[in-house]
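Here is the structure we will look at, set down as structure tokens.
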Ligand code: HEM
Ligand SMILES: N[C@@H](CC(=O)c1ccccc1NC=O)C(=O)O
């Protein structure tokens, strides 16, 4: 005899959503789940689309956290800032794990729909560029692909007008009493960070006397942790790209792998890495 399936309504599960907000309403799933429109008949294009859409959603959260983190730093609320930095690092860990799914796509799978991508490329991801700008990698040449979208351009320009995460960190160090030079605190925010031995000396002081500068020390390690995860993301990307398209030119027009390898050399917080040799 088959048993009667258990009905959760018996313990009070709500079963009628005629006039109530339900899961699908709250999460706007109709919008999200109707946004996957493959342009080819290739089976793997769905994977490719969802991989990118989920990445963009995680980046959306990373930006949200980054914004609040910088605000907390500017108000000397270090503990909440640390919590948000830890979350951002975890988001990148999530993005790093996601490559394992995409790696199941072989070069032949990818070539079956690559022509449908036209000249679109991750190079044109405004949220990725916002993250790079927010953490301090402010290369203005990267604004180009967004010129046709005034709304995205405005968001990127607004970001460039704000102190980066590193700028906020150095301002917080100065308020703690560490000797951050004045010209660093008033630098042109739009320009890329230029490595500075005086900042390396400040971090050395922090790491030589962690008990005295504990909050600065913790901040430094959170920043290094974040950059560590970010570097892994770049590395996973370039490795996946080589695995899938070899040394072909990118749809975005760059040389592909060699461009991405060059990006591996970008250092967000150079003094924090350099001081490890001189400490
Ligand atoms: C098979 C998978 C992928 C391939 C073959 C690929 C290929 C490439 C290539 C060749 C570039 C250089 C720009 C160009 O000329 O197109 C690039 C840039 C980029 N891709 Fe991908 N990509 C893949 C997956 C992803 C995924 C899953 C993401 C996640 C959002 C992503 C995000 C980016 C970003 C943000 C850039 C710009 C990087 C920078 O400027 O530093 N890509 N990709
Ligand atoms: N640049 C890639 C295309 C690509 O990966 C892509 C295309 C459209 C939307 C997102 C993409 N992902 C990352 O660059 C290629 O050259 O095959």
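Glycine residues also receive a Cβ, built from the backbone N, Cα and C atoms like all the rest.
Now, the feature entries from TrEMBL:
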BINDING   48, 49, 50, 51, 52, 110, 114, 251  substrate binding site
BINDING   237  heme binding site
Fewest other C-beta atoms within 10 angstroms, as judged across 52, 114, 237, which are the binding-site residues: 52
Local backbone state of residue 251 (substrate binding site), from DSSP in three classes: coil
Inter-residue C-alpha distance, residue 114 (substrate binding site) and residue 237 (heme binding site) (nearest angstrom): 17
Cα-to-Cα gap, residue 110 (substrate binding site) vs the residue listed as 'heme binding site', nearest whole Å: 15
Binding-site residues whose CB lies under 6 angstroms from ligand 1, from 48, 49, 50, 114, 251: 251
For residue 110 (substrate binding site), the three-state class that DSSP assigns: helix
Cα distance (Å, whole number) from the residue listed as 'heme binding site' to residue 49 (substrate binding site): 16
Among 48, 49, 52, 110, 251, the binding-site residues whose C-beta sits under 6 Å from ligand 2: 52, 251
Length of the line joining the Cα atoms of residue 50 (substrate binding site) and the residue listed as 'heme binding site', in Å: 16
Alpha-carbon spacing, residue 52 (substrate binding site) to the residue listed as 'heme binding site', which is rounded to whole Å: 12
